[in-house]
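According to Swiss-Prot:
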- 1-152: domain 'MGS-like' (DOMAIN)
- His19, Lys23, Thr45, Gly46, Thr47, Thr48, Ser65, Gly66, His98: substrate binding site (BINDING)
- Asp71: active site, proton donor/acceptor (ACT_SITE)
Amino acid sequence: MQSTARTLSVNKHIALVAHDHCKQDLINWCKTHRTLLAQHTLYATGTTGNLIQKEANLPIKSLLSGPMGGDQQLGGLIAEKQIDVLIFFWDPMNAVPHDPDVKALMRIATVWNIPVAMNMATADFLITSPSFAQETQVRIPDYDGYLKERLK
């Protein structure tokens, strides 16, 4: 498939997700980076979003809880180019009932080539990167070209 450029604006649309055993780590990370995060538009799965909003005092657009479809909602937003960055503190030591949804979210984030941090160290690197605070370009699949080719 051919690719095309997508511009990520200075104001990023950031998805925040955490498995149950990692929620407090993500909340603490959000508190640490509150000033930077407040400059962007934040989305989160339901429980995580409500906890971050309450404990870190950040405005969050909360979707459904992950097991109830929130991961799928985020995947849809990524495919529609409405999410620029995914911060997902996942628990590699515990399976969750919605593992297929989590895998689908990771897959779609990879397909649409958005920056993804899956642990605190990577999230720290990402948020302190010069690219985070400026307009930047990423390569994404050329879906329009793909569709035209398929419909010949």
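These residue numbers are counts, starting from 1, taken along the chain as shown.
Positions of Cβ are set from backbone N, Cα and C atoms, glycine also.
Structural mapping of features recorded in Swiss-Prot.
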| residue | record | Cβ neighbours (10 Å) |
| --- | --- | --- |
| His19 | substrate binding site | 21 |
| Thr45 | substrate binding site | 28 |
| Thr47 | substrate binding site | 18 |
| Ser65 | substrate binding site | 16 |
| Asp71 | active site, proton donor/acceptor | 28 |
| His98 | substrate binding site | 18 |
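With respect to their backbone Cα atoms, His19 (substrate binding site) and the residue listed as 'active site, proton donor/acceptor' stand 11 Å from each other.
Surrounding the centroid of the Cβ atoms of His19, Lys23, Thr45, Gly46, Thr47, Thr48, Ser65, Gly66, His98, where the record places substrate, the chain contributes additional residues within 8 Å, namely Val17, Ala18, Asp20, Ala44, Pro67, Gly70, Asp71. Along the domain 'MGS-like' (1-152), the predicted structure has mean pLDDT 95. Ser65 (substrate binding site) sits 8 Å from Asp71 (active site, proton donor/acceptor), taking the Cα positions as reference.
Geometry remark: Thr45 (substrate binding site) versus the residue listed as 'active site, proton donor/acceptor', CA distance 7 Å.
Cα separation, Thr47 (substrate binding site) to the residue listed as 'active site, proton donor/acceptor', rounded: 12 Å. According to DSSP, His98 (substrate binding site) is assigned to coil rather than to any helix or strand. With respect to their backbone Cα atoms, His98 (substrate binding site) and Asp71 (active site, proton donor/acceptor) stand 9 Å from each other.
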